[in-house]
Amino acid sequence: MGKPKGIRAARKLKTHRQAQRWNDKGYKKAHLGTRWKANPFGTASHAKGIVLEKVGVEAKQPNSAIRKCVRVQLIKNGKKITAFVPNDGCLNFIEENDEVLVAGFGRKGHAVGDIPGVRFKIVKVANTSLIALFKGKKERPRS
């Protein structure tokens, strides 16, 4: 069969190309807008939330570790997410019912490294940078 050729074939070629474009994974991702619908943050880069509980997530094979994470309920829409707590001992700065600032974790909405299903990380606790607490530059505010 092949494609139509000739002087009046442009419309047919154009509409066929438009229809076939939707089979391209990258095109579909860019044009459907599901990136914003599926993302708990909506269109934002960061979101505030309340810590529900501390959880340990087992690392994927071949690693053997328990990665320290927290379950967070976002204030803006009530969605519950799991967020990674970076650096050694930083879980000690976080308590239940704390307000935390959560950011993405790298790979554009995908899990990172050996931590399955965790797409976010903690940036601030009680309006204080987690790194500043970790380095000892700031102390946790007393509530």
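If you go along the chain as it appears here, the first residue is 1 and each next one adds 1.
Keep in mind that glycine also has a Cβ here, set from the backbone N, Cα and C atoms.
According to Swiss-Prot, the features are:
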- 1-19: compositional bias 'Basic residues' (COMPBIAS)
- Pro62: hydroxyproline (MOD_RES)
- 1-21: region 'Disordered' (REGION)
Quick test of the contact rule: Cβ under 8 Å, at least six residues beyond the ends. What residues does that give for the region 'Disordered' (1-21)? 27
Please report the number of other Cβ atoms within 10 Å of the Cβ of the residue listed as 'hydroxyproline'. 6
Using DSSP, how many residues in the compositional bias 'Basic residues' (1-19) fall into helix, strand and coil? 10 helix, 0 strand, 9 coil
